[in-house]
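Asks: Here's a structure for you.
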Amino acid sequence: LLKRSRPVEAGAPRREGVKFEDVRLYLVERKMGCSRRSFLTQLARSKGFIVEDILSDVVTHIVSEDTEASSLWTWLKGCELKNLPSVHVLDISWFTDSMREGRPVAVETRHLIQVCVCVTSQTEISTTVSQYACQRRTTTENNNKIFTEAFEVLAESYEFNEIEGPCLAFRRAGSVLKSLTFEVRSLGDTQDLPCLGEHTKELIEEILRYGRSFEVEKILSDERYQTLKLFTSVFGVGPKTAEKWYRRGLRSFSDVLTEPSIQLNRMQQTGFLHYEDISRAVSKAEARALGNIIDEAVHAITLDAVISLTGGFRRGKEFGHDVDFIVTTPELGRERSLLPDVTDRLEQQGILLYCDYQASTFDMSKLPCHRFEAMDHFAKCFLILRLEASKVEGGLNSTEEDSRGWRAVRVDLVSPPMDRYAFALLGWTGSRQFERDLRRFARLERRMLLDNHILYDKTKKEFLAATTEKDIFAHLGLEYIEPWQRNA
């Protein structure tokens, strides 16, 4: 019989020489046997692992030699672990790989003990879903839009109120539902899915029962939410500015623009001036046209330039809010002055409507940074360009009443050194939730620090080199996920 707990070595010290505080193992005795379990426990502890004698909610990795997945999972569910959806249930190969490497290796699909299911068994499928978006493949398809859109309203509401925890929780839950290949039709379909807390499940149940969420409808009808949503839709206006305007009694654009005491900065002035254009979605055809314009401008300056489309369009999206490009050159140091030359050329062409240039502050000697920073330190510029209809195959994404023959479009350019290109490409490709989970996975599962600049191994105390995204995934022990599968 499977046993919930069994002392391995009575009175043995269990925390001496611990190297991996974030990883706590539990070895299942069935099929392994008492003697072998005791030996493997001693081996793992000698290498700095924490091995728990008792199966409880502190355990992060359950290791079993029992290949009968259904009986193992039946037993695990009977143990009533609160965090079972987020625990890795692994076969002995993960343990063997980890002992050989002397550290916890990244969990791959081949390591997981998964319930063998038929395609119609949605509840059982949920046991194989990882808590990390970087271990899930999520395309632009979304079978559960009614739930994920509701979650996003809740997340945005918490964001406006500067309550970070629930905001991240709802976005994580939405990310999990986006990755599902089936439509959730009952609360049972969500059983054992990771990242779904009590509040999210209540919301799902309400929507399943009534076809809508009364909590979400209340938020959408709230004056403060509506006003902050409106104000933050303006280029250059963040939540703090929107809140300040709201507290001053301003409720509309006309209120803001006619208030004498409001001093708009240059970005906000441009945001209001081109609001109709830059609040309208950019099409894939428009993104391609802008790519041609940037490519021509950059290669006119340096022939060996490297240009890559990033962001949502690299992830295969049909529409986006702006278009992002990485622009660099193999000539080390040249990237620091490249963007001003590019924007000068765009201005000469008469298509530069706005430019906010930020010089590089990148300094390798100050890395790794142990605190998360929302923006990297590479040279970058935030532009608004005039895009002519004649440049776009199929024409502009504009209203029928618009007869100008052009529109304003937001374009962001970032210029990392060539040896940082792979890290910048991975970071700027997104999605935001994918990148957030990728950094979390690196930190918790691999004891590494990842950002747009570097990948640093805290155990070996060294920077890991990468020339491609695949190199970074390989360092992390992750299966490579294509850009179009990162829409988490």
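In case you wondered, yes, glycine gets a Cβ from its N, Cα and C as well.
I grabbed these lines from TrEMBL:
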type	residues	note
BINDING	Asp322, Asp324, Asp412	Mg(2+) binding site
DOMAIN	15-112	domain 'BRCT'
Asks: Of all the binding-site residues given, Asp324, Asp412, which residue's CB has the most CB neighbours within 10 A?
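Replies: When each Cβ's neighbours within 10 Å are tallied, Asp324 leads.
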Asks: How many other Cβ atoms are found within 10 Å of the Cβ atom of Asp322 (Mg(2+) binding site), counting all protein chains shown?
Replies: 19
Asks: Quick check on the domain 'BRCT' (15-112): DSSP residue counts for helix, strand, coil, in that order please.
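Replies: Here the numbers are 39 helix, 16 strand, 43 coil.
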Asks: Determine which residues of the same chain, besides Asp322, Asp324, Asp412, have their CB within 8 A of the center of the CB atoms at the recorded Mg(2+) site, and list them by sequence.
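Replies: Same chain, not in Asp322, Asp324, Asp412, Cβ within 8 Å: Thr310, Gly311, Val323, Phe325, Phe382, Arg410, Val411, Leu413.
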Asks: Across the domain 'BRCT' (15-112), what is the average pLDDT of the model, as a whole number?
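Replies: On average, pLDDT over the domain 'BRCT' (15-112) sits at 87.
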